[in-house]
Amino acid sequence: MLPVLDGVVMELQDCALPLLKEVIPTDKVEVGFKDIDAAILVGSMPRKEGMERKDLLKANVAIFKTQGAALDKYAKKTVRVLVVGNPANTNCLIASKSAPSIPKENFSCLTRLDHNRACSQVAMRCGVSSDQVKNVIIWGNHSSTQYPDVHHALAVKDDAWLQGDFISTVQQRGAAVIKARKLSSAMSAAKAICDHMRDIWFGTKEVVSYPWSVRCGNSYGIPEDLIYSLHRPDQGQNKTWKMVDGLPINGFSRAKMDATAAELVEERDTALDFLSQ
């Protein structure tokens, strides 16, 4: 794949990006992970026709165990890691567990794409720009069980839509993109990666809530030792952040949050079993 990678390098050069100083294409972990400040882990084994979920998890455990070990050995201990490859939440957990010398809070996964999708749906419904939609939360897994929650947001008052088509549209948006363009999300995923990493480094200009996937002990009844997307405010200095705790959760939200947590627990237990082998 190195000749293919050379093509990517040429495209990056042709963008004439003012902040891009150098590109080092490599297939050696000791080169690619050496002293890095940020890691965006995009590659994972995609699910193929006829493949059971446990087979997908087994293949990805091997990938993210290797990448986590490389981070642990070669990267800076302050490295910020964003896992994009699916199943992103569980892959992130495996990478974190395979890099014990790097703080757990330095690992996150890409539920920002789900957040952007949810904000866009609300904005279109209300006839406003997406930056006017505040405090949308994505709870749980980057999967069809995720729960896009607007109970704490400035949003349209339409419970039938918000508890029906809105949720299913956000949950199934990735599949809809694949059906339409015959390829998975690319531009929107890249934009979400940029949003996520920019906010790690620079924070936000106003107090806006974003989803963040973290290992958690919390007041929401979420099982510990998961990478679970939840409510995160603007962070302070030195790339630190904190979870918004104690938000009121109604019965509808509780059921949705518990369902996505149950899926993550099942994924975690299966993946950790493979990790221990």
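Positions of Cβ are set from backbone N, Cα and C atoms, glycine also.
As recorded in TrEMBL, the features of this protein are as follows:
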- His142: active site, proton acceptor (ACT_SITE)
- Arg47, Arg53, Asn86, Arg117: substrate binding site (BINDING)
- Asn60, Val84, Gly85, Asn86: NAD(+) binding site (BINDING)
- 5-107: domain 'Lactate/malate dehydrogenase N-terminal' (DOMAIN)
- 111-274: domain 'Lactate/malate dehydrogenase C-terminal' (DOMAIN)
When you measure from the Cβ of Asn60 (NAD(+) binding site), which residues in the chain that are at least 6 apart have a Cβ under 8 Å away?
Ser44, Met45, Gly85, Pro87, Thr90, Asn91, Ile94, Ala271
Inter-residue C-alpha distance, His142 (active site, proton acceptor) and Asn86 (substrate binding site) (nearest angstrom):
8
Same-chain residues six or more away whose CB lies under 8 A from the CB of Arg117 (substrate binding site)?
Pro148, Val170, Arg173, Ser188
Max CA-CA distance, Å, over listed NAD(+)-binding residues Asn60, Val84, Gly85, Asn86:
12
If you count CB neighbours within 10 Å, which one among the recorded positions Arg47, Arg53, His142 has the smallest count?
Arg53
Please give the greatest C-alpha separation between any two of the substrate-binding residues Arg47, Arg53, Asn86, Arg117, in angstrom, as a whole number.
25
Looking at Cβ-Cβ distances, which residues of the chain lie under 8 angstroms from Asn86 (substrate binding site) while being 6 or more apart from it?
Ser44, Pro46, Arg47, His142
